Amino acid sequence: MEAEVQQGQQSPEGQLEKRPPSPPWAGIPLQRGLGHRVRQHVNPLQAQYQQPAPPPHWERVYRRLGQPFHLDIGTGSGRFLLRIAQEQPDWNFLGVEIRQALVERANAWRDELGLDNVHFLFANINVSLRHLFAPGDLSRVTILFPDPWFKKRHHKRRIVQPQLVADLALLLRPGSPVFLQSDIQEVAEEMAARFLEHPQFWDPHQGPLDSNPLGIPTEREWQCLQLDLPIYRYWLERR
């Protein structure tokens, strides 16, 4: 117990958040690298990202199409989604990412792991979402540590825009959760506020959470935990 306390993070609410000694995806044998640097920031408003991505051949990607569907928006490296796909084989997962090299590597890792319930798609989600899913297709959505785009004139580049919220209200089944995380308080609060402005979303917890209810950190989340930095989390639901 003492070791756990020493490795804990003090949350803004004063509760100690325990963290494991190593990330849960650390043992995944992922061999393929990128071979080159990938830009950390991509402007989603550039013309090259304004064409909707064609949906994948779902029946080729997922072995069991009837399982509930989890959409991870801005999936980054994909390690979080690969790990949760291993732990929850009764769910199907799609990670959407605007940096193509990361998508290609994540799908290569998926193939190494032999997973048939997870796929990664190169797309601008704000352009492609309605072309990928039909109403009621989604059962869970995560938006974890999106690019904060700090400058005010760049806020229109942020992922969570009113139209995205309206689209998710249509595509999510009633009772489905939307999990939001950021290490930037203003970004997390803005995301939550955008969803709560829509009449189809509500906050059953009436405020931020102290811990990640999914139990698997992203790489950015893990870095924040190691540095004892605060993380702002909201678990909202579709009415």
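The backbone N, Cα and C atoms fix where each Cβ goes, and this holds for glycine too.
Range with Swiss-Prot annotation region 'Disordered', chosen from 1-30, 61-90, is 1-30.
Listed by Swiss-Prot as binding S-adenosyl-L-methionine are Asp72, Glu97, Asp147; the candidate from Asn124, Asn212 that the record includes in that site is Asn124.
Separating the Cα atoms of Lys151 (substrate binding site) and Asn124 (S-adenosyl-L-methionine binding site) is a whole-number distance of 21 Å.
With respect to their backbone Cα atoms, Asn124 (S-adenosyl-L-methionine binding site) and Asp147 (active site) stand 13 Å from each other.
Residues Asp72, Glu97, Asn124, Asp147 are recorded as binding S-adenosyl-L-methionine; their most distant pair of Cα atoms lies 14 Å apart.
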